[in-house]
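One structure is given here, and the rest of the page talks about it.
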Amino acid sequence: MEGGNSPNLQLQQLPLATAAVSVQPHTDSFSYKENLIGALLAIFGHLVISIALNLQKYSHIQLAGSKDPRAYFKTKTWWCGLFLLVLGELGVFSSYAFAPLSLIVPLSAVSVIASAIIGIIFIKEKWKPKEFLRRYVLSFVGCGLAIVGTYLLITFGPNSHEKMTGENITRHLVSWPFLLYMLVEIIMFCLLLYFYKEKNANYIVVILLLVALLGSMTAVTVKAVAGMILVSIQGNLQLDYPIFYIMLVCMIATAIFQAMFLAQASQLYDSSQIASVGYILSTTAAITAGATFYLDFTGEDVLHICMFALGCLTAFLGVFLITRNRKKSVPFEPYISMDAMPGMQNMHDKGTAVQPDLKASFSYGALENNDNMPEIYTPATLPIVQEQHGPKGASAPPYRVLEHSKKE
């Protein structure tokens, strides 16, 4: 009897062992390999995006003052920048399919580092020698800190991996931690939007908090869409799940509204302030969303979490130092100053603008654009003809004063 029952016992124990293997499909070495692939894809994507944006900026600089506002469409430089921009975005998008969200999001500091270096070398941004210690040294210190922070993020980043199937994403979507997080985020977003629209609270923190809250949802949906596409490529089709299209629509919608608020912020504040404050707020919000939705830090020890937080703080400080000393654009009104004339409109009044906005060109009326002039000459003054009191044969003054009597 014992010999006959032993095969049955072995057959009964086989499914249990198989189920145990399917619960933990990733070993530690393979998980770190996926983290490395995702991190390298994100770094590559952000580097390519920085090169692309600087190429397009270089194209705009070369065509400054052109009468055709869309002349850059005809240049190969601008189209090359657009191609590299799409390639970089695809690299960042695919990185979400391999590594945890909390690891990928802070790596956008690479874009700031690359822009600072390329801006000096490629665009030839120059500063005065007296400002070298205040600008170059702090910028290089910021780059060093950002690189150290990036290394800490990759080394001590979360190592939680899960197949992005439709069932898993749906389970995370209806979990109580994420529902509570969504409730808090919706309340915060509505309050900030009310103060921004109704109370005219046009503070940079308010606008970029709106961007960060939308960006956290964009990051969550991007990882879901990218992960489901990867699982489908591996053979397990996930595109027939409705949750895939829900996430896709949410990803597009939040990205559009995020771009709208960023455009409004760029009209009010300098790009360096937007880059530093936006990076800090967006990264914090996205990490919180990833830890709540995907449970990125589940099972991580305290040391890894503390070192990861240290890496984030180091990257924050590096980005702040890089963007702190960028040369700020000073508003300039050439040739004619209408502020001193009461009752006259100027370029800052509401309604029809009298003087042009000179962010793109220094042309005004019939005056030709000349960006190479070292100085802007002061407007010419009209000659003053003084009245000469002489004999009756003298020439009359160029103007006549009319006197009115009291009777009139």
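Yeah, the Cβs are placed from backbone N, Cα and C, and that goes for glycine too.
Where the annotation comes from TrEMBL, it is an automatic prediction and has not been curated.
For reference, TrEMBL has these:
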type	residues	note
TRANSMEM	36-56	transmembrane segment
TRANSMEM	77-97	transmembrane segment
TRANSMEM	103-123	transmembrane segment
TRANSMEM	135-154	transmembrane segment
TRANSMEM	174-196	transmembrane segment
TRANSMEM	203-231	transmembrane segment
TRANSMEM	243-262	transmembrane segment
TRANSMEM	274-295	transmembrane segment
TRANSMEM	301-322	transmembrane segment
REGION	387-408	region 'Disordered'
Which of 36-56, 77-97, 103-123, 135-154 contacts the transmembrane segment (203-231) most, counting Cβ pairs under 8 Å: 77-97
Stretch-level contact, the transmembrane segment (36-56) and the transmembrane segment (301-322), CB cutoff 8 A, at least 3 pairs: no
Distal contacts, the transmembrane segment (135-154) - CB-CB under 8 A, six or more residues away: 35-36, 39, 43, 103, 106-107, 109-110, 112-113, 116-117, 127, 307-308, 310-325
Tertiary contacts of the transmembrane segment (301-322), as residues 6+ beyond its ends and Cβ separation under 8 Å: 102, 106, 109, 112-113, 116, 138-139, 141-153, 155-158, 275-276, 279-280, 283, 287
Proximity of the transmembrane segment (274-295) to the transmembrane segment (77-97), 3+ C-beta pairs under 8 angstroms: no
Same-chain residues at least 6 beyond the ends of the transmembrane segment (174-196) whose Cβ lies under 8 Å from its Cβ atoms: 202, 206-207, 209-210, 213-214, 216-217, 288-289, 292-293, 295
